[in-house]
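Some features that TrEMBL has for this protein:
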- 134-560: domain 'Anoctamin transmembrane' (DOMAIN)
- 142-171: transmembrane segment (TRANSMEM)
- 177-195: transmembrane segment (TRANSMEM)
- 248-271: transmembrane segment (TRANSMEM)
- 291-311: transmembrane segment (TRANSMEM)
- 334-355: transmembrane segment (TRANSMEM)
- 435-458: transmembrane segment (TRANSMEM)
- 525-547: transmembrane segment (TRANSMEM)
Amino acid sequence: MKVTLSALNTSESSFTPLVVIELAQDVKEETKEWLKNRIIAKKKDGDNNDDFLTMAECQFIIKHELENLRAKDEKMIPGYPQAKLYPGKSLLRRLLTSGIVIQVFPLHDNEALKKLEDSWYTRFALKYQPIDGIRGYFGETIALYFGFLEYFTFALIPMAVIGLPYYLFVWEDYDKYVIFASFNLIWSTVILEVWKRGCADMTYRWGTLLMKRKFEEPRPGFHGVLGINPITGKEEPLYPSYKRQLRIYLVSLPFVCLCLYFSLYVMMIYFDLEVWALGLHENSGSEWTSVLLYVPSIIYAIVIEIMNRLYRYAAEFLTSWENHRLESAYQNHLILKVLVFNFLNCFASLFYIAFVLKDMKLLRQSLATLLITSQILNQIVESLLPYWLQRKHGVRVKRKMQALKTDIDATLYEQVILEKEMGTYLGTFDDYLELFLQFGYVSLFSCVYPLAAAFAVLNNFTEVNSDALKMCRVFKRPFSEPSASIGVWQLAFETMSVISVVTNCALIGMSPQVNAIFPESKADLILIVVAVEHALLALKFILAFAIPDKPRHIQVKLARLEFESLEALKQQQMKLVTENLKEEPKESGKEKAT
């Protein structure tokens, strides 16, 4: 992109840039003019009150308008005959895939960002995060993630406090985990129900609690024949549902099953390595071979992370190819694909060790290695490496600016050049996935390794600051997205808590203390364990039903809001009826005169 300082010299006007569209260097003038005219034609007159919308909300509106620029009569992009268009195609997406537009991103507000950083992570202290400030700058979706991260970290503290003395005094006896497993059952159920209440409180305060998704507009990647939506009456692409279902069941589903089989095959290779390392240690018995016992688990943990990331790219491609109309449907299908694979990839070996090999010592070793290795790798890949690269890039940009030796204030130019080279934040998907897997490590098998919760707490305290740093200084500012909850992730965590009930009940049934009560009749033991498991699941669902998702004061406010809306609607209808009655005599008088 050829950028001139004069083009960015905005000192003579009150213009505040919100979003940057970077074009390729050799874009033709007719293409620029066409794109500019299409954007201007899309613009609607609105309120110019600066206090009415935050900058994040203004940027979201701009993104929404750009993404909904769709081809109508154009057959190609002006100046680029090879870039074909057809009715309903997203113009912005076609410009990006053709390489005409390099990227579109919102600019940081340096003054507001500095204030947010000062209250967020620059001064290390044990304090609550400025969730409302995060929401004002980054939007509701990112604020909800940081709110959930903070809540989950504090919710882990009771497990960590109980786990530390438990580990110190009885960890060598792998059979004494009944009490800890029982506490785990209650903990995993209660924390998710309490979170829903806190989430409702926050989103009500932000005005997104009652946000409806029924009439969500098509996502930018959705394509089809341009037509009229029979429900909304708007012109939008139409795509037959049966074609999407064929793609899902004939291509995506077999591919996911093949990946799951490959994951299990890699797991069996890992167990072969464990057997080899154990045999080598038993034959030699040296200190070197005792260290070697941990090598297969470390290698397997690294392989798991690599497989998870490679599968993620394939899942994104398949889900996009399925051509879902709504962004929410796209996210749900993507999350389902990724969660199924990640769950099997990360936890299959632990289930195999616990319920097939029944080796609690190996289970503790594998759980500790997988948890700690994954946390270290995530911190390096997600935060430290991008931050280091960004610092090096910042130094290069400053040197380049000094070499220009211009008399014009080039602050904005420097900011654009610096931010356009930053990494792109791909959303909260990976962040929630990391917490989901962490929740699985803690809730499923932590009774055999009570330090799991303590390591999770330590990781999350650093995660808060590292995630805040990458949002503010490593990545471009993401477009804000309104949200009423953490979405399908709530269901994912609740499903994991149900599985944890089954897992912990099975571990309790396998413990020597419980087996000693039924030395002869194993059938009775199995029946009792299954009955207890069903009773606990019933209790879990009763608690979920008994604890309201919304606090009482929020329910009252929502009811009052609904009542006031109905009253306002009645008054509006009465006003219209009254005006019509007043106009009727005038019209009848005119008819008589005629």
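Counting begins at 1 with the first residue displayed.
For all residues, glycine too, the Cβ spot is worked out from N, Cα and C.
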For the transmembrane segment (435-458), which recorded stretch in the set 142-171, 177-195, 248-271, 334-355, 525-547 gives the largest number of Cβ pairs separated by under 8 Å?
142-171
Is the transmembrane segment (142-171) close to the transmembrane segment (248-271), in the sense of at least 3 CB pairs under 8 angstroms with a sequence gap of 6 or more?
no
Spatial neighbours of the transmembrane segment (525-547) far in sequence, C-beta under 8 Å, 6+ residues away
185, 189-190, 193-194, 197, 494, 497-498, 501-502, 505-506, 508-509, 514-515, 517-518
